Each structure stands twice: as C-alpha cells, then as structure tokens.
Amino acid sequence: MLMKKNASFEDFFLLLGFSNWPHLEVVLFVVILIFYLITLIGNLFIIILSYLDSHLHTPMYFFLSNLSFLDLCYTTSSIPQLLVNLWGPEKTISYAGCTVQLYFVLALGTAECVLLVVMSYDRYAAVCRPLHYTVLMHPRFCRLLAAASWVSGFTTSALHSSFTFWIPLCRHRLVDHFFCEVPALLRLSCVDTQANELTLMVMSSIFVLIPLILILTSYGAIARAVLSMQSTTGLQKVLRTCGAHLMVVSLFFIPVMCMYLQPPSENSQDQGKFIALFYTVVTPSLNPLIYTFRNKDVRGAVKRLMGWEWGM
C-alpha cells in the first residue's frame, strides 16, 4: 500500500519549466547554452591559471578557485537537464534523477553561501590585519575553511532533501519549475507541509541571512580601514579586489533572498522561475569576468604562462 502511495524509483516527474511560453523555448535554449559555455570556459580558466601560476598560490585565489569549481558544479547540476527539456518534447526527469538534482543544488548553493563568507574574512584579514595576514590565513587553515564550506553544504543538503522526499507525494507529477527544488516539490504533497515550509525558512535564514550579515560586518570593518588609508595605490587595490567580491555577493544573495525569503504565492511562481534562472545561469557566468576584469594579477599570470610556452 505504501509503495502505491509514494513515488518509486520507476516514477517520473514532468518539469513544466517554461512551457507556458513555448515561443521562447528556442531563444532560451540558445541564450542559456551560451551562458553555460561562458561559465565552463571562464571558471575553468580561473582554476587552471591559479594552479599553473605560482604567483597566484595565495589564499584569495585558492578560495576563488573553490568558488569557480562550485559554480561549475552548481550550473552542471541543473542546466544540462534544462537544455535537454528546452530542445525536445521530452520534459521528464526520473524520481532518482530529481532526488540527486535536489541534493546537489541544495548542497552546492549552501556551500557557496558559506564560501562567500570565508572569502570576505580573507579580505578582512588582508586589509585590516595585514601584519598578521600570513598567520591568520595559513595554508592549512585555508584548506580547513574551504573544506568546512563544502562539508556544511553537503551535510545540510542531506538532511533537507531527505526531509523533503519523506513526505508522500499524492498529487500529479507536474513540477512547476525547470529543475527539482523544494517549494515546487512541496506543492505536490497532499499532506500538511507547514513543517517543511518552516524548515525551509529556517534553513534559508541560517545559510542566507546570517552569511550576509557576516559579510556586511567584514566589509564594514574594511570600509573603516579604507577611509583611514593614506596610500592611493593601496586604496585602489583594496577597492578593486573588495569591489569584485561585493559585486559577486550581490549577484548571488539578492536573487536567492527574493526566491526563498518571501511568502509563497501562486502569482510569483513564474517570476520565481526567471529569478532562479538568473542565479543558476547568469551569475556563475559573470563571476569569472568580474574577478578577472582589469585584474593585474591575472594579466601578469597570463603573460608569464604565455611567455613560458613561447620560451619552450
């Protein structure tokens, strides 16, 4: 009886995605494919360059490489499925596939929230505690911070995704989204989901609001340090590196807050799809451009790498 009531691994979900706008599907396919390729190329470029050039073996670029790898995994967890659904008439995903997708989307999104806090602490230590920076950001400690970001994401996701799929899905298998996400799946349940919705709100507050508060606190201290600087060169370098990180933080947290920290409503469902599309497709493609644009360290690394290749 329980097997009949609950979904089995042979069941499928139908991802409605952008089926309300069939005339946009071809355009969306092309645009999303372009952004996905930019994401792959840009983030792989940062990872490879940071690995090959010894001058970039610093805490800042170590964390940036982790962020790039996170973005690669995050987009790959949902975008290929979306492209397949946009290209052809088949818009289904298996129960097992939906479970795996939800797990990785939650895990990688949570890990990115924590990693952005770690990166803001690195900037705080560099600007406000420059004499103690090498001690504060010891390579071993940096590896521990990066590992903590990943572990917190995957641990939290294991609990949250299990809690989501624990409820019986008694209705149709129509998921009104382009990937498996918690609010869309909760709408398929025929039982009271207030506990799940409360859990979602609490987890969103812990891993969205608290990281954002910590980041803003770090940059408040950085702002005070910047205002007291006498060196124009130092000021420009701080503004360049911290400005890039602040822009990345804004592009990630603002859409996520609009998505998960507002009351659910029927009217906002379509709007939510485009918000989710922004932080899963656009933001990961912009991060490499933001960090490398007019970045002297990256330009120098490219010149050294090209010079080494030509010298060979």
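The backbone N, Cα and C atoms fix where each Cβ goes, glycine too.
Judged by membrane topology as recorded in Swiss-Prot, Leu235 shares a side of the membrane with Asp297. Ranking the disulfide-bonded residues Cys98, Cys190 by other CB atoms within 10 A of the CB puts Cys190 at the bottom. Of the Cβ pairs linking the transmembrane segment (197-220) with the transmembrane segment (274-293) and spaced 6 or more residues apart, fewer than 3 are under 8 Å, so the two regions do not touch. Averaged across the topological domain 'Extracellular' (261-273), pLDDT for the predicted model comes to 67.
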